[in-house]
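Trainee: Got a structure for you, questions after.
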Amino acid sequence: MKRIRLVDLPLIIKIGFAPAFALLMLAVMAGGAILVQKSQSAALKQVVERDMRQNLEIQRISKRISNINGELFVVMTHKAGNIDVDKNDARMAAVLVETDAVKKDLLALKSKLPAEEQPKIAELIKSLEECRSAIDTVSGMISVDFNMAAGFIAPFEEQYVKMTGQLDQVVAAANQRIESESAKRQAQATAAMSVTIIMSLLTLGAVGALAFLTVMTTRKSINDIAAATDKLSKGDNSIDLEKMTRGDELGGIVTALKVFRDNQVHLEQLRADQEKSAALTADERRSKEAAAAAAAQEASLVVSNLAEGLEKLASGDLTFRVTADFPGDYRKLKDDFNAAMGSLQETMKVIAASTDGLSTGADEIAHASDDLSRRTEQQAASLEETAAALDELTATVRRTAAGARQASDVVSTTRGEATHSGQVVHQAVSAMGEIEKSSGQISQIIGVIDEIAFQTNLLALNAGVEAARAGEAGRGFAVVAQEVRALAQRSAEAAKEIKALISSSTQQVSQGVSLVGQTGEALQRIVTKVGEIDALVTEIAASAAEQATGLNEVNTAVNQMDQVTQQNAAMVEQSTAATHSLKGETAELVRLMARFQVGSGSSSYARPAVADAGHHAPARNPVAEQQARLNTFARPGRSSGSAALAQAPASDGWEEF
């Protein structure tokens, strides 16, 4: 099997391979970067729009359950202290409505959570239903028997503590899911950045090496052919053209040079034969001299025309054609030379057109790199805005934690006030006891007064009897005794009334002491419950602080993603700079190709060398265009098909990429 050499490949393949490879790798890297950015954006959107919202919804539900618990104890406290009793029924109805609303929200939240977290929400809903049943029982009994209704608070409190623990587990699972997703996306972004940097460096190295190798080998081949042509034009036929044999378009020039060299050797042989003819007879010599002169004249004509053509070829003018009428066997040499010049001219046209496509491709690569850089910067700006939104969300959670701490402080203050109220009630009980004791003493004193009035009445009666015995002399004393008796009777009646009032007051004071004692016991239970509420609110505040810490970690992860995107943007800028460097190398190749004159249309091929890099032509596929031109050159008889091929790349634009 014949080995394929680089010099045997067509120039269109050697020149178009480097930009085609660069376009392919750029498309792969850009596609990978876009996929990674879309994946990162989708993950971040999921965290912000789903996980964060679910986490906040769980926190709101936890706060609402705490409010239900607090509102229930407020109703019990008001009932115990006989404060706004007429509003208790409305408050209990509102508590039941809020409990049903929380259950509805939990059912809606359950359908949005992952399957592994739904059982926890189901347990929470079951606990809430049991709490709702307990609240309904308390609502029905609070107006009938307060003490029995207070006894039903204990099951509700147990379910409330259970629900608080379940909510903490759900929040912890949500935070763990958010942190895991953030770590996964950060690792993915780091790996994508590393792969992109490595591929960019490898692509730049490969494209640079291919472009340098193609330019240098083509330049060396052209210089070697030009040097060989110059030597042949000076009569040096010793040059070895076999080493320069190749299968590309330049091989046609080498073949023409071989024909020219063989003809030169043949002419030298003719000169040698002419020298040998000097020894022949005069007639033969004259005839041979005439023949030799004619042959020499023909050879001179051929040599002069071919020398002129080779001189034009050495100067880069490929439009020259031998127009002189060569005699005899030299006509094939003329036709071969003109065919070689025509083939070389068409080949250089294709090379120039390929150079045009290479320049256009470099412009498109630079344009695509600029677009990719701009999109990466836009993605970085979007991540920066997302980081700002997460900062605001973190601040909101921190304010929620601060509100929970304030609620804890308020509950602590309420607990102190309730304790103080219990002390006041205890003092009132003691004062009522003292009043009851004083009432007993007053009753004893009134009894003594009653006995004194009775004795006074007896003494007044005896005094009246003695005054009556005394006759007229004791009449005044009898009047005085009568008045004293009347006063004693009124004192006895007043003492009886006061004693009855004191007895009634003592009974009422005893009842008041009993009621105040019951109130003290109720307040003591309320103080205990308020203490439990204080502990629960403190736990809620701690949970809110932990959530704020978790959001802060998520915010840190988003900021790291923002930094990675900024690094990607810097890498894209480096790739853009390398692309512009490749564009400069292409311009240098265009400048070298400008040395050759290839006839009509040649000026259009040199246009990319001076084109403004800031103005981009309509997007097209340069490799497909040059392939169409090569097909036109190879099959001139199919102009209509070539035109169709030339128009086809217009639909192959990759500008939208």
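Every residue number used here counts from 1 along the chain in the order it is shown.
Glycine is no exception: its Cβ is also placed from the backbone N, Cα and C atoms.
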Trainee: So which range, 370-393, 418-441, 562-585, 634-657, gets flagged region 'Disordered' in Swiss-Prot?
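Mentor: Within the set 370-393, 418-441, 562-585, 634-657, Swiss-Prot attaches region 'Disordered' to 634-657.
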Trainee: Between the modified residues GLU385, GLU392, GLN574, which lies closest to GLN378 (glutamate methyl ester (Gln)), Cα to Cα?
Mentor: GLU385
Trainee: Per DSSP, what is the residue count of the domain 'HAMP 1' (216-269) in each of helix, strand and coil?
Mentor: 41 helix, 0 strand, 13 coil
Trainee: Cα of GLN574 (glutamate methyl ester (Gln)) to Cα of GLU385 (glutamate methyl ester (Glu)): how many Å, rounded?
Mentor: 25
Trainee: List nothing but the one residue from GLN378, GLN574 whose Cβ has the fewest other Cβ atoms within 10 Å; the candidates are the modified residues.
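Mentor: Result for the modified residues GLN378, GLN574: minimum number of other Cβ atoms within 10 Å at GLN378.
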